[in-house]
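Undergrad: Here it is: the structure, laid out below.
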Protein chains: 4
Amino acid sequence: MKKIAILTSGGDSQGMNTAIRAVTKAAINKGMEVYGIRRGYKGMLEDQIFPLTLLDVSGIADKGGTILLSARLPEFKDPEVRAKAAANLKKYGIDGLVVIGGDGSFHGAHYLYEEHGIKTIGIPGTIDNDVAGTDYTVGYDTALNIILDAISKLKDTATSHERTYLVEVMGRNCGDLALYSAIAGGASGVMIPEAQSSIDKIAEVIKKRRAEGKLYDIIVVAEGVGNIMDIKNELAKKVDTNIRVTILGHIQRGGAPTAFDRILATRLGVRAVELIEEGKGGLMVGIQSEEVTTHKLSYAWENYSKASASDYAIANMLSL
Amino acid sequence: MKKIAILTSGGDSQGMNTAIRAVTKAAINKGMEVYGIRRGYKGMLEDQIFPLTLLDVSGIADKGGTILLSARLPEFKDPEVRAKAAANLKKYGIDGLVVIGGDGSFHGAHYLYEEHGIKTIGIPGTIDNDVAGTDYTVGYDTALNIILDAISKLKDTATSHERTYLVEVMGRNCGDLALYSAIAGGASGVMIPEAQSSIDKIAEVIKKRRAEGKLYDIIVVAEGVGNIMDIKNELAKKVDTNIRVTILGHIQRGGAPTAFDRILATRLGVRAVELIEEGKGGLMVGIQSEEVTTHKLSYAWENYSKASASDYAIANMLSL
Amino acid sequence: MKKIAILTSGGDSQGMNTAIRAVTKAAINKGMEVYGIRRGYKGMLEDQIFPLTLLDVSGIADKGGTILLSARLPEFKDPEVRAKAAANLKKYGIDGLVVIGGDGSFHGAHYLYEEHGIKTIGIPGTIDNDVAGTDYTVGYDTALNIILDAISKLKDTATSHERTYLVEVMGRNCGDLALYSAIAGGASGVMIPEAQSSIDKIAEVIKKRRAEGKLYDIIVVAEGVGNIMDIKNELAKKVDTNIRVTILGHIQRGGAPTAFDRILATRLGVRAVELIEEGKGGLMVGIQSEEVTTHKLSYAWENYSKASASDYAIANMLSL
Amino acid sequence: MKKIAILTSGGDSQGMNTAIRAVTKAAINKGMEVYGIRRGYKGMLEDQIFPLTLLDVSGIADKGGTILLSARLPEFKDPEVRAKAAANLKKYGIDGLVVIGGDGSFHGAHYLYEEHGIKTIGIPGTIDNDVAGTDYTVGYDTALNIILDAISKLKDTATSHERTYLVEVMGRNCGDLALYSAIAGGASGVMIPEAQSSIDKIAEVIKKRRAEGKLYDIIVVAEGVGNIMDIKNELAKKVDTNIRVTILGHIQRGGAPTAFDRILATRLGVRAVELIEEGKGGLMVGIQSEEVTTHKLSYAWENYSKASASDYAIANMLSL
């Protein structure tokens, strides 16, 4: 009987629990034995490994966070550390491992497969949508909806006081959360790491809007663009509206996953188990053009994907 | 200068307003003049046509319903009625028309193009996800999330009282809302029009779950499957759990559209305007494999699409 | 050391878990030993009694339903049944019992105190707000907010299609959920069991609204008023708007409790423990004029409280 | 026929629109003529006064912000400025004025009554709950629920990463939002301006919780307590958990008002109109012990009210 393990690693995201549930149910359904590893690679190294049952994953599909906990372990770059962690898995006779996390976490999974033959499968779980090989990462849609809810609340008070709000959202390298919350939230401007955003341009839009009688402006700024207080100060030199800054922060990472994230996590989880059943490893699963696809784990970080230029154009066109 | 009009028709769905906004903004941005038509084809016939400005569509991206109102007009099957309606458009010099609605509404748009040369573009807007030529209709994702919220609440009381709930969701011919809310909601069973659903099978799952110590069951039933009270009575003969029926009804049609629906509506709205600008008509826009695509309007009803068999299998596998 | 037990009984409501947590934490804080009883009086009779720890109640303050499960036991009217159940408590040396439920559940608690000297304290937990001796029951505020969310969604689609919606909400004898959701939801009419509601009057309001250009009507009907389909049919004879019926059903009983319900449940739970500590029993706790008060348990059903006439007048005045 | 005006002033809060609607409907119902004033006292001074109709207030009961906009006008402390503003009202024949805002706004209303005989009635509208003469201000309950939603999301990610979160909520002088969100949110600590909060005590609770196996801590801090980064740094010296800071900011001011705030705003709005009808002025309305009460406007700032000591004790008792 095949034995597989699951861990979550790096920053948590909504839908990780849904993926854990899908992997566990699918594997047990196929007659496998399932283990959970607490605290990611750290727990693998420290032997925090325990049997995972159907009851453990019952009712967790709609819970934010990860019941397996997460952690970062920079030492996992050291081959000796990986060897020790791999030995722990082998002690239990585990030969398949599902890793839910971002591309950083996929590195570890890549080496565990290359060096120790552990059949690792990566499921992209991060709110940032910054993993190549998938159109969407698990958690991204939920974070986007949380941002929209916040923007909607900010619009109320922005309008009452005729203010301009700069809203900082997550995304160090990838501007997707900012770009699409700007489009969906009816923002008057967006600043993302991938495009040269001009404060002059944003100032011009604000002036035009006010001339048309509009009472508020929402400008969405990805955290990777730079210090938001500096941006505020620069903008304040160019417009005379009252500007406020809001940093949404970690509320973007929690809450019940949306339908989209739960369905995505479930599909990817089921596929991950099938791949291990087929004897495969060193792969990631993703959703591309509505199909579940597989790539080598290294694909995740070797294929840099820029934000959609056409959607950036749409965001700008609709900003007035 | 090009003049275009917009109408919403058939059952309303969340994101219709977002589409109206995108069409209006994109068209004005391209130098077109935009008209709104109230109450769908009925208003077109009765000359309820008025100029639509940027201010009219300001702040509506996140509002449920349709500011243009909707209506059904069975008489529109009559060519004479269509001729009279088309004449109203021509009176204003309008030569492009964006129709937001389901495949029934697309029929009218098809004939307006064929018979009167009006450059009609259809945007699929319905919660049912039952239009061919698009993977998703505008409103579907929002309705799905509303259902999940309801299921989550029902689970609380189902567990407290150890009950089995039959939850009727919308979908006369298309079981997508039922199937995917079952997957995402962790339901113990799902009945959809496209697949032979066996009450025996559902009864068996309920018994297994209870034997494992689970305290509740949620069974999602698409309205197209049949009378839910009959289903309840039949199921009651096979299991001895306390069964309750909840019909979610029209709350599925309202509320702020999700990020997904707003982005979809925006992309499709912008594309619809581009097509009219290019001199095209008689077409629908859709999202397929993550790309905005176009088909002849008749594609919508000529290509019957069954629910995904693999996802139906997933729903069943995870039901225990 | 004092030993106390907790049970939830009758229909569940949001905030029951918050109350369980408050009672458990407060009691342990005072050096008491705490037991949970599963399935209300049924579990008391069948000895489903187990120690409740701080860990058991950790993180449940915001969870709908009741971790102790609930049940109805009509046989509890039989003194012999109560004697057997009381004996089970005494077997564990338990002399205090917190009962969370409605006035039906308080009857049992009353007799356990009168006949067996068990120091029972009742916490009013029901969404219906139909317990005397408290201005608000635990769960009522949450249910009210769920109804408002539903009304808000229905308004969207009601407006799009220019319909009149009859919305049935819970409340067999007590019209509070209907009355206050009508006031807060901007309804055009409300029908409650406590007041003679005239369909003629509602029809008149609908006609006036439509004459003023309003496009929709929401009429809230408490379930205790009568069969909603009959009401619809009668109303349909008097107005010519399109009328739809929505029965909100059990979604009103689930979901995370609101701030109000959690604070109320916490205050009442802490007070219940203090009363037992003071050696008291046969009492209920409630919130009256913002103060936590105590009454004999029988107060709950002996003091019938009508819906506020002045608020009913407000609802009618604002309906236009 | 009586003529009255309405304005909103100071920081906006949820439910202001509900109050505007109630005042307008009640006044029109009593045969009065109603005017809206844009941008508070600034608009009164600049004659931004316009007739308010039933249609203007239709459908706004559940909208955040204020359709009348708000502003601050420090110059209103100058009697000459007030005289000019009062003259504007008299120009229209307006002799009653409803002011929705905090105690700062009530000062202006007080002087308009004392100096110019304008029948001013104050409705307490602010999320901070810092106005004497009412148990609750309009907006407070909504803000509290927004904070709880945020805390619930933060708990997910706090648990996944075993972190301690410091959550800054609004409240410069009044700790109610912090205190009651701590109680309802199951926080492990709370710091409010009214009580000497010891970081040592909080550190001790964190250590105890971790010793018991709990994985996260939420500490709620009112903004009036001091710089939250300083608090973080001090706490970091005493515990070795990973500490993060989240400043909730202006999302606390927006969104649809809760049932509680809508009902409160409606009752107070109706009462305000009755008072003007009775020829009274210079008064505020409030809710105290569940009754609508009236006080002189100066009561609002002359009666300092401390946070409830007993509820502070409850928050601390339940923190473990």
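Backbone N, Cα and C atoms are what each Cβ position is placed from, and that goes for glycine too.
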Undergrad: Given that TrEMBL lists C:Arg72, C:Leu73, C:Gly102, C:Asp103, C:Gly104, C:Ser105 as binding ATP, which residue among C:Gly11, C:Gly15, C:Gly31 does it place in the same site?
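TA: Of the residues offered, the record points to C:Gly11.
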Undergrad: Say TrEMBL lists C:Arg21, C:Ala22, C:Val23, C:Thr24, C:Lys25, C:Lys214, C:Leu215, C:Tyr216 as binding ADP: which of C:Lys77, C:Lys84, C:Lys155 is in the same site, per that record?
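TA: Matched candidate out of C:Lys77, C:Lys84, C:Lys155, per TrEMBL for ADP with C:Arg21, C:Ala22, C:Val23, C:Thr24, C:Lys25, C:Lys214, C:Leu215, C:Tyr216: C:Lys155.
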Undergrad: Around the C-beta of C:Arg72 (ATP binding site), how many further C-beta atoms are within 10 angstroms, looking at every protein chain?
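TA: Excluding its own Cβ, the number within 10 Å is 17.
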Undergrad: Taking the residues C:Arg21, C:Ala22, C:Val23, C:Thr24, C:Lys25, C:Lys155, C:Lys214, C:Leu215, C:Tyr216 listed for ADP, what is the greatest CA to CA distance in Å, to the nearest whole number?
TA: 52
Undergrad: Are there any residues in the same chain, six or more apart in sequence, whose C-beta is under 8 angstroms from the C-beta of C:Lys25 (ADP binding site), and if so which?
TA: C:Leu54, C:Val57
Undergrad: Determine, using Cα-Cα distances only, which of these binding-site residues is closest to C:Leu73 (ATP binding site): C:Asp128, C:Met170, C:Arg244, C:Ile251.
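TA: Out of the listed candidates, the nearest Cα belongs to C:Asp128.
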Undergrad: Looking only at C:Gly11, C:Arg72, C:Leu73, C:Gly102, C:Asp103, C:Gly104, C:Ser105, the residues listed as binding ATP, what is the longest Cα to Cα distance in Å?
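TA: Maximum Cα-Cα distance: 14 Å.
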Undergrad: Nearest of the binding-site residues to C:Arg253 (substrate binding site) by CA-CA distance, picking from C:Gly102, C:Asp103, C:Lys214?
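TA: Spatially nearest to C:Arg253 (substrate binding site) by Cα position is C:Gly102.
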Undergrad: Write out which of the listed binding-site residues, namely C:Val23, C:Leu73, C:Asp128, lie with a C-beta under 8 A from a C-beta of chain B, sequence order kept, or 'none'.
TA: none
Undergrad: With CB distance below 8 Å as the criterion, list the binding-site residues among C:Val23, C:Lys25, C:Lys214 that sit near chain D.
TA: C:Lys25, C:Lys214
Undergrad: Cβ-Cβ under 8 Å from C:Arg172 (substrate binding site), same chain, 6 or more residues apart: which ones?
TA: C:Asp128, C:Asp130, C:Pro193, C:Ala222, C:Glu223, C:Gly224
Undergrad: How many whole Å apart are the CA atoms of C:Asp103 (ATP binding site) and C:Thr126 (substrate binding site)?
TA: 9
Undergrad: Does DSSP put C:Lys25 (ADP binding site) in a helix, in a strand, or in coil?
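TA: In three-state terms, C:Lys25 (ADP binding site) counts as helix.
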Undergrad: Report the member of C:Gly11, C:Gly104 (the binding-site residues) whose C-beta atom has the most other C-beta atoms within 10 angstroms.
TA: C:Gly11
Undergrad: Could you tally the C-beta atoms, other than its own, that fall within 10 angstroms of the C-beta of C:Met170 (substrate binding site)?
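TA: C:Met170 (substrate binding site): 24 neighbouring Cβ atoms within 10 Å.
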